[in-house]
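Record features, source Swiss-Prot:
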DOMAIN    5-47  domain 'SpoVT-AbrB 1'
DOMAIN    76-119  domain 'SpoVT-AbrB 2'
Amino acid sequence: MFMGEYHHTIDDKGRLIIPARFREELGVKFVITKGLDNCLFVYPMQGWAEMEQKLRSLPFTRADARAFVRFFFSGATECELDRQGRILLPGNLREYARLDKEVVVVGVSTRVEIWSRSRWEEYCRETSDQYEALAEKMVDFDI
C-alpha cells in the first residue's frame, strides 16, 4: 500500500526521484498517466492491468465513457526507474500537471500521485476545510 507525502525536486533533465518507500511496490516498470485534479497517477503494472480491465468494461457507446478512457490512456506511458531511483517525466505529462521544480509525491493506497507543490498546497487548503463533511459522506460508502 502506498501512503505518505514526500517533497522532491525535478532536475533540469525532467527526472524525479521516486521515494524509496514506493520503489519496491512500484517495481522497476510502472505506468504514469494524467490523473484527476491536475496531478499524475502512477500505477504498478498489476494495478494498471486492473484499472485497464475496469475501463474496458465501460460502455463505448457513451460519449462520456469514451472521452474519459481516451484521455486517460492517451496520456499513459510506461516508465522505468534508473539506477538512482529516478524516472524521466515526459514533457506532456509535466505540462499537464503544471510541474516545475518542486513537486510532492503522495501515496494514495493503490497508486502514487505526483503534484506540483503549489497545486498540492492549494488543494490541501481547500480540502482541509471540507474534511469533516467529506468524512460524513463516506458513511454512504459503508466506511
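From the backbone N, Cα and C atoms, a Cβ is placed for every residue, glycine too.
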Residue distribution over DSSP helix, strand and coil in the domain 'SpoVT-AbrB 2' (76-119): 9 helix, 21 strand, 14 coil
Summary of DSSP states over the domain 'SpoVT-AbrB 1' (5-47), given as helix, strand and coil counts: 13 helix, 20 strand, 10 coil
